[in-house]
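All remarks here apply to the structure that follows.
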Amino acid sequence: MQEPLEGRGGVDKEKIERAVRMILEAIGEDPDREGLRETPRRIADFYEEVTVGLRVDPGRHLATVFHEDHHEEMVIVKDIPFQSLCEHHLVPFVGKAHVVYIPRDGRLVGLSKLARVVEEFSRRPQLQERLTSQVADLIVERLNPLGVMVVIEAEHMCMTMRGVRKPGSITVTSAVRGAFAHEPATRAEAMALIKGVSR
Ligand SMILES: Nc1nc2c(ncn2[C@@H]2O[C@H](COP(=O)(O)OP(=O)(O)OP(=O)(O)O)[C@@H](O)[C@H]2O)c(=O)[nH]1
Ligand SMILES: [Zn+2]
């Protein structure tokens, strides 16, 4: 069972329903035929769910920091699945995020909190590049770590279902801060760990 999502409410569902009805009419469909009658409501629920990240503060997950004396080794949470909505076409882009940081003075957060941050920044109309840097910048702001690296790999439906139609093409973005920006060896080590190669 998935957890209930915070950030529900605050969406003008009636407006979405009216808009969906208009889209159905515009494509020559009959919004009152049996199969489509509930579609505007379903889509309003869908948009509420996939945009909950607009109505919460992902930073709250990093508010509880615990200390492990002078631990300054890399922490990697990789293969965090996410689903987001491309802001150009409002269709999904879906993939995996890898989050790496080096704590300063043993300032750590719960591992699940990193996945929660990815989840909430994903559930908004997004650009993959912005999603990547928002996750990195929030960790910098809240933990002041020695370094942060976020790598995201995703497939964009706007490139598979329509337009250029290239299913299987994967976009990879990264954001590096602190040690990962200044030290190529540290960045290479993190990349190797993301790819599953041990030191
Ligand atoms: N940089 C970036 N581009 C994205 C992302 N998601 C979608 N796009 C691109 O946004 C661009 C929008 O280009 P436009 O020319 O305005 O729109 P379009 O005519 O629908 O583009 P095509 O997809 O080439 O048909 C496309 O090249 C998409 O591939 C993203 O997360 N980051
Ligand atoms: Zn798109």
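We count from 1, first residue shown onward.
Using the three backbone atoms N, Cα and C, a Cβ is placed for every residue, glycine included.
Per TrEMBL, the feature domain 'GTP cyclohydrolase I' maps to 16-194.
Long-range neighbours of Cys158 (Zn(2+) binding site) (same chain, six or more residues apart, CB within less than 8 Å of its CB): Cys86, His88, His89, Val91, Phe93. The Zn(2+) binding site annotation in TrEMBL covers Cys86, His89, Cys158.
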Average model confidence [pLDDT] within the domain 'GTP cyclohydrolase I' (16-194): 97
